[in-house]
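J.: Have a look at this one.
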């Protein structure tokens with residue numbers, strides 16, 4: 001691809017610009033460089049150095065998935081004509097950013113999962129050479145990747161008569177902002193999904209630089225590493241940038257992951273892989289999204305002002321039509337004002353399956369008049385949780401949020417058990433004089449009509465009924 005460099009000089013500054021045929025020109029002037037948010041003025045590499053490739057996955061490809069490879073390489077040429085690409089299907093592009101060692105091909109795996117559930121064209125965008133660079137360089141190489149994707153979409157629209165509203169771009173990390181850049185080049189995209197959009201060089205920048213709501217008809221965002229970069233080394237953006245923003249597990253520290261460790265000055269080394277860095281929190285975003293295609297109801301987001309209020313149960317349960325599904329089906333959520341001004345929170349598991357189903361159980365105890373040290377356990381037809389160890393007191397009502405790994409549907413039975421771990425010659429019996437259960441997704445209430453009681457480590461169970 002032909003290119004040329006143009007050097008512009010002035011008494012107070014020096015700026016450069018590089019142009020690449022149909023991709024256009026790229027300058028290092030503000031807002032792209034020389035700003036507090038983007039201090040290094042860096043020009044992107046040539047397209048051939050970045051090495052962007054388009055890996056097409058279609059339903060027909062997957063019929064022969066044992067054939068290696070199970071995708072078709074396409075470009076803005078005759079390769080599309082001899083592929084299984086169809087303009088009658090919706091098209092989804094997946095643009096990666098940070099590449100975790102050993103998981104560099106996750107966009108291909110996401111395409112394969114997607115095609116098990118959707119009849120679409122799925123295109124995994126690969127730019128491994130361009131992203132494996134010092135961080136500021138990678139952030140600017142993403143501009144050329146965005147131009148390449150926009151060129152590909154334009155080519156497909158002309159060749160197949162597809163319209164922009166048939167395209168959905170999913171981007172992770174730097175790739176989320178590259179997706180936004182595509183949206184600024186192609187008006188009318190149906191949707192952009194930002195998976196933990198990265199903070200350095202993008203937060204608090206001009207709208208033309210970072211992902212925002214002007215980039216597509218619907219922009220949904222999942223935040224999983226949103227602690228401040230300069231103080232806590234969180235790679236993801238803190239601020240809400242979409243029509244709807246989700247903060248699973250508070251958006252900062254994911255179950256099964258440890259806190260990020262290192263110095264902000266080591267970002268280049270982390271990015272290029274020359275210094276060890278555990279990006280577990282950052283990469284969970286695309287893992288949650290992949291599972292949401294299979295288990296959508298397990299990712300229900302609760303509107304809440306902040307993570308502490310959500311953790312305290314103050315935003316439970318869902319009011320009518322106020323809880324969207326995080327991930328693949330979030331575009332089904334009706335927004336009356338066009339942009340949700342509310343953050344959405346939910347809990348996940350520490351490993352697959354990540355999706356959870358939320359309940360609140362309220363247990364009023366009965367038993368001897370004195371308090372006992374113990375732990376209560378409550379199970380709902382396969383979903384179980386327990387209180388923390390402490391004094392359990394008759395007549396007191398205990399509340400507990402339960403995040404179940406399985407969707408038990410209509411709850412029909414509740415089981416109660418308590419342990420005290422201490423030998424008591426009086427062998428006291430404790431039970432529940434009242435048990436109420438509320439389901440998070442629709443406020444449905446269930447209750448036990450009669451009391452139940454049992455000795456330590458024994459299990460009592462009762463049929464639970466729906467409160468109409």
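Every residue, even glycine, has its Cβ placed from backbone N, Cα and C.
These numbers come from a predicted model, not from an experiment.
Pasting the relevant annotations from TrEMBL:
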{"type": "ACT_SITE", "residues": "196", "note": "active site, charge relay system"}
{"type": "ACT_SITE", "residues": "282", "note": "active site, charge relay system"}
{"type": "BINDING", "residues": "212, 215", "note": "Ca(2+) binding site"}
{"type": "DOMAIN", "residues": "17-354", "note": "domain 'Lipase'"}
{"type": "SIGNAL", "residues": "1-16", "note": "signal peptide"}
J.: With every protein chain in view, how many other Cβ atoms are within 10 Å of the Cβ of residue 212 (Ca(2+) binding site)?
T.: 22
J.: Return the residues near residue 196 (active site, charge relay system), defined as same-chain residues 6+ apart in sequence whose C-beta is under 8 angstroms from its C-beta, sorted by sequence, else 'none'.
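T.: Residue 196 (active site, charge relay system) has long-range Cβ partners 172, 173, 176, 222, 223, 224, 225, 226, 235, 236, 237, 282, 284, 285.
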J.: When you measure from the Cβ of residue 215 (Ca(2+) binding site), which residues in the chain that are at least 6 apart have a Cβ under 8 Å away?
T.: 179, 180, 181, 182, 183, 184, 189, 192
J.: Counting across all protein chains present, how many other Cβ atoms fall within 10 Å of the Cβ of residue 282 (active site, charge relay system)?
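T.: Excluding its own Cβ, the number within 10 Å is 26.
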